[in-house]
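Asks: Take this structure first; my questions come after.
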């Protein structure tokens, strides 16, 4: 019997039918509370209905000074942390070198970062160096529940779980700061939310902070705003613009993790696909390089003529988003800005266009404009929503516009070792700095420290540095031992 093909070829191009769609209110609540972990996860889905805030949990030592999804996952989390330690030898080396002298003895660090196996290695390093730590998550989707459980079991006051609501997010931060008999004197932040909360809600605590270490574009921007307004009353270290963050985490980490996040969530094939990357900073450069290598046709949008020229020289078409929005298959934002992809852009996208964000904050894509009655939200996978227009067109939105790689996949451990080591050294520097070295301003990490972090990671590659002779050093006007880069590099 012959196979019957559709008489009308248009049958193949029709939009999907509307049958089986969830109501808007149901799918919104579902997407804000979804708690399946994306990377290797041991989340018990039967436990999802109960908020961690309503559970009474204690670790094996009888402490309940934490709030995580399920403390019983601690053993799995400990394995994740031990695996991460294998590829973070430089941070472990720093831990061993400084463990005896305890350079952070007396430091009470309140932190707000992604809570993954890699950041757990950083947190436990800070504890080994003498610090007391209380920790929350800077992203409602990036927490690895089993890792949070392992930290809680080890005695770290951690308040975080995957799939927090907005209210949970701020509650967790407040639980880290507002504690009887314990007052933070250092802040380690990623995005500036913790700093903002302490500044607004606990000004007396903020004034007594000895130093802030911030690692994201968004958070650094907020610090400079405070400084410009004369409201920054503590010294802050801008880790984001240190060489060991910009040139490694932003570039190399995103070059690998952009593909991981997109593949896990959508199974997309990139060969021949048309992709627009908004922003050609270090993150954008990494994303574009990876996509180009897989055969995608890549467009770039930019506001900066220097970055735009770099994109042109690297072989990318620089366009306005409105010029290509109807034809592209994937839209990726990485600008650190807001409303880069607007409702107008979303309305003009073609069916099944994938939209995601690689910047820290969820402001780059105007997701709020999609929360309207005429559009239907359909959760199809963890962190994958189909937003469906009245005519049946659907846009594939990943992680509700939040950070794709840490919300939907994992990031390479080795490159996070570089960032984590930089953060640890920045905390040690600010905490131990003599009176007057740092004023109430935002500082870049000294280049000597950047170079020290890089040198700690070279043994992993069996790399051997060439040493300058006295004559060569004199000719270049450098110290034989560095720093080799000027402060503005």
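In case you wondered, yes, glycine gets a Cβ from its N, Cα and C as well.
Below are the features I grabbed from TrEMBL:
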type	residues	note
BINDING	116, 190, 215, 245, 249	substrate binding site
BINDING	281, 282, 283, 284, 285, 286, 302, 405	NAD(+) binding site
COMPBIAS	25-44	compositional bias 'Low complexity'
DOMAIN	250-411	domain 'S-adenosyl-L-homocysteine hydrolase NAD binding'
REGION	1-64	region 'Disordered'
Asks: Hey, how far is residue 190 (substrate binding site) from residue 286 (NAD(+) binding site), Cα to Cα, in Å?
Replies: 20
Asks: By Cβ count within 10 Å, point out the most packed of the binding-site residues listed: 281, 284.
Replies: 284
Asks: Which whole-number value in Å describes the distance between the Cα atoms of residue 286 (NAD(+) binding site) and residue 116 (substrate binding site)?
Replies: 22
Asks: Let me check the 10 A CB neighbour count of residue 215 (substrate binding site). How many other CB atoms are there?
Replies: 26
Asks: Test of understanding: give the count of other CB atoms lying within 10 angstroms of the CB of residue 285 (NAD(+) binding site).
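Replies: Total other Cβ atoms inside 10 Å, all chains included: 23.
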Asks: Which binding-site residues from the set 116, 215, 245 come within 10 angstroms of residue 405 (NAD(+) binding site), judged by C-alpha positions?
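Replies: Among 116, 215, 245, not one has a Cα sitting within 10 Å of that of residue 405 (NAD(+) binding site).
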Asks: Restricting the comparison to the binding-site residues 116, 215, 245, 249, which residue's C-alpha is spatially nearest the C-alpha of residue 283 (NAD(+) binding site)?
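Replies: Nearest listed residue in space: 249.
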Asks: Between residue 245 (substrate binding site) and residue 285 (NAD(+) binding site), find the distance joining the two CA atoms and give it rounded to the nearest Å.
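Replies: One finds 14 Å between the Cα atoms of these residues.
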Asks: What is the biggest Cα to Cα gap, in Å, among 281, 282, 283, 284, 285, 286, 302, 405, the residues listed as binding NAD(+)?
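Replies: Greatest Cα-Cα span of the listed binding residues: 22 Å.
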Asks: Return only the integer: C-alpha distance in Å from residue 249 (substrate binding site) to residue 285 (NAD(+) binding site).
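Replies: For residue 249 (substrate binding site) versus residue 285 (NAD(+) binding site), the Cα atoms are 12 Å apart.
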Asks: How big is the Cα-to-Cα gap, in Å, between residue 302 (NAD(+) binding site) and residue 215 (substrate binding site)?
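Replies: Here the two Cα atoms lie 23 Å apart.
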Asks: Is it possible to get the count of other C-beta atoms within 10 angstroms of the C-beta of residue 190 (substrate binding site)?
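Replies: Its Cβ has 26 other Cβ atoms within 10 Å.
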Asks: Between 249, 302, which of the binding-site residues has the fewest other CB atoms within 10 angstroms in the structure shown?
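Replies: Fewest other Cβ atoms within 10 Å, among the binding-site residues 249, 302, is found for 302.
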Asks: Take every residue in the domain 'S-adenosyl-L-homocysteine hydrolase NAD binding' (250-411), average their pLDDT values, and give the whole-number result.
Replies: 95
Asks: Same chain only, sequence gap of 6 or more: which residues have a CB within under 8 Å of the CB of residue 282 (NAD(+) binding site)?
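Replies: Correct list: 246, 247, 250, 251, 254.
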Asks: If one measures from the C-alpha of residue 116 (substrate binding site) to the C-alpha of residue 281 (NAD(+) binding site), what distance in angstrom results, rounded to a whole number?
Replies: 25
